[in-house]
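Structure, as structure tokens:
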Amino acid sequence: MEGAFAANWSAEAVNGSAAPPGTEGNRTAGPPQRNEALARVEVAVLSLILFLALSGNACVLLALRTTRHKHSRLFFFMKHLSIADLAVAVFQVLPQLLWDITFRFYGPDLLCRLVKYLQVVGMFASTYLLLLMSLDRCLAICQPLRSLRRRTDRLAVLATWLGCLVASAPQVHIFSLREVADGVFDCWAVFIQPWGPKAYITWITLAVYIVPVIVLAACYGLISFKIWQNLRLKTEAAAAEASAGAEGAAADCAGRAALARVSNVKLISKAKIRTVKMTFIVVLAFIVCWTPFFFKQMWSVWDADAPKEASAFIIAMLLASLNSCCNPWIYMLFTGHLFQDLVQRFLCCSFRRLKGSQLGETSVTKKIHSYTFVLSRHSSSQRSCSQPSTV
């Protein structure tokens, strides 16, 4: 993860390489070294994160496929966000895991550029699909009539994926297979000095973290205001209903209007607030996981005296990787019926197969018994015919 777009000194701090940051052609005199104990811990944690991300998001996609409410708007965005998290696991966590095992990149230049490109594609997609889902929840609360256009959702998701593919294109130019020491090659970034690293890391931080967080904060600010407004409306409607009941039949129309307003507010507070809570927790997990990583990157490029300890980069990278496997557990917490349906479907299929195999065995056993019975009767009749009759 730290190698997805990080400058060379980030990789230098983690891997222990002494290659100068952003320079081409300068090499170290001795072979590169690294902290093997720290590398083993990183490999173990990344392996666990990869397993949880693959299994969790695969279960979410399978549950969304088998549910009866698969055409729900929220489930549509959850499906694409799970696909993006799978992309992060396969194209970002897995290459980083293999890279930590081998220490150096072993592959052609084309593979180096492709891996670096796909690493950032998954990161962009996960961020902006989360942003898209939050905007959808904001529209569902603030403007429910406009949120009913499903075709617009599909176009927005398609545009998001295409935009992520385009925004990740600079990775192909920046990273390449280069000689970082005498006879040692690695997938390395080369920037124009001295402003290149600052410009690129700042742009990535703005595009993937700061701007999305600002938009997400605005969305949930509007959602909070709308919820507060509806709660206030509910209180006023309840008071109007009570006053209408006290005044009698003369205020019957006002009482009915109050009841309608109350039922409308209850609908918002029960049917939509739960989904808003879920997306808010997903956003909060995104902020918690990615803040140390981007803070460390920005500190490294803008402060020449910033510490470059390997442990700090490792912790920030592992925390960022954790975001790809925590979303399925959040989905499970707020939409538990999805996984209950999946478990029930699995148990039903297993029971049917078991019952079918038992029925097959029973039918075969019955056929064997009937065939044995026929043979025994036939043999007994033959014995009775062969015996002489006695008077």
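Glycine too: its Cβ is placed from the backbone N, Cα and C atoms.
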Per Swiss-Prot, cysteine bonded by disulfide to CYS112 (from CYS59, CYS187, CYS219, CYS253): CYS187
One side of the membrane in Swiss-Prot: VAL184 and PRO307: yes
Nonlocal residues around CYS112 (disulfide bond), in sequence order (Cβ under 8 Å, 6 or more apart): PHE105, PHE175, SER176, LEU177, CYS187
Mean per-residue pLDDT computed across the topological domain 'Extracellular' (1-38): 46
The transmembrane segment (312-334) in contact with the transmembrane segment (203-225), cutoff 8 A, at least 3 CB pairs, sep 6+: no
Close approaches to the transmembrane segment (155-175) from elsewhere in its chain (Cβ under 8 angstroms; 6 or more beyond its ends): 5, 76-77, 80, 112-113, 116-121, 124-125, 128-129, 132, 187-191, 200, 207
Contact between the transmembrane segment (278-296) and the transmembrane segment (39-63) (at least 3 Cβ pairs under 8 Å, separation 6+): no
Recorded stretch, among 39-63, 114-135, 203-225, maximising Cβ pairs under 8 Å relative to the transmembrane segment (75-97): 114-135
Three-class DSSP secondary structure - CYS187 (disulfide bond): strand
